[in-house]
Amino acid sequence: MTPTAIRPRRSVLYMPGSNARALEKARTLDVDGVILDLEDAVAPDAKATAREQVGAAIRAGGFGSREVVGRINGLDTPWGEDDLKAMAAAGPDAILVPKVSSPAQVVRVASIMSQAGAPEHTRLWAMVETPLAILNIQAIAAAAADPANRLTCFVMGTNDLAKETRARFTGDRLPFLHWLSVSVTAARAYGLDILDGVFNGITDESGLQAECEQGRDLGFDGKTLIHPSQIAAANAIFAPTAPEVEWSRAIIAAFDLPENRDKGALQLNGKMVERLHAEMGKRVVAIADAIAARG
Ligand SMILES: CC(C)(COP(=O)(O)OP(=O)(O)OC[C@H]1O[C@@H](n2cnc3c(N)ncnc32)[C@H](O)[C@@H]1OP(=O)(O)O)[C@@H](O)C(=O)NCCC(=O)NCCSC(=O)C[C@H](O)C(=O)O
Ligand SMILES: [Mg+2]
């Protein structure tokens, strides 16, 4: 499976499409990506205005290296199809589809995107936030095998998962661990990136930090956020550390030595390293370089 192109996605901030001030701020915040939301953050009577504002903001550009993602309402709502056509015409980096529960939904959205003239660069991201999505997660991820479906990233919707399952937000997220982990596994099996869900505690710095660390350790590429105060923690925790980059470079260099050319395993600084560690190291270095290139 072709891996997703390497792109830092440490911090991806939601902002309501109806909030003009927030949309303006999107161009200045130190985030890897922004999600301009038409769904849950927007009240029903503000949906049409939000759709226009978000379309105009995407067309106006000025987001620099930030990835720009538009979240639509579901196709089973009165707004979904108009949202999708408007987003396809505006051409963001990706369109985020809520409450995807089956591969057929991915195929349908991708087909409407293409019919509506979405540019080739506009990818499809799928929210994983329903019990059925968890039960069908492998089949949904497998939709990425057909390039016509444009699927490149999963985003966990832990608020909706809590609502639908009645699981509680315990500090350690024990009730969510299986859903988080099986989603990471499915994403990796089919070459997708995957972002962790939001942390609702805007002023709870230590809680946010712990949840970012847990998400990173589970394998997520980054965290979706709801407030600018959460950006710095996500950027720091989802970036490779200096010792990790140094260690990765040392492994790569060791396998590049002529005397190690035919070896599958080596001892380096008292540790066994294999060629798979060199492959992992190349990814760490590539992410670190991409972050550094952002300045
Ligand atoms: C939660 C908020 C409504 C809080 O807003 P507010 O009370 O205005 O916050 P502050 O006064 O602390 O704001 C300080 C400044 O920061 C700007 N701001 C705040 N939030 C954002 C943001 N998300 N993006 C950009 N800028 C933001 C304010 O404008 C202030 O700026 P300034 O005027 O210069 O001082 C608000 O934070 C908010 O709306 N957050 C996003 C909510 C959202 O998008 N929710 C939907 C996604 S979460 C979800 O449901 C995921 C998934 O579907 C699931 O199921 O889990
Ligand atoms: Mg949701």
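Glycine is no exception: its Cβ is also placed from the backbone N, Cα and C atoms.
Features of the protein shown, as given by TrEMBL:
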type: BINDING; residues: R71, E129; note: substrate binding site
type: BINDING; residues: E129, D160; note: Mg(2+) binding site
type: DOMAIN; residues: 10-228; note: domain 'HpcH/HpaI aldolase/citrate lyase'
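For the recorded site, D160 (Mg(2+) binding site), the DSSP three-state label reads helix. Under DSSP, R71 (substrate binding site) is assigned to a strand (E or B) in the three-state scheme.
Taking a Cβ distance under 6 Å to any atom of ligand 1 as the criterion, the binding-site residues R71, E129, D160 reduce to E129, D160. For ligand 2, the neighbouring binding-site residues among R71, E129, D160 are E129, D160, by Cβ distance under 6 Å.
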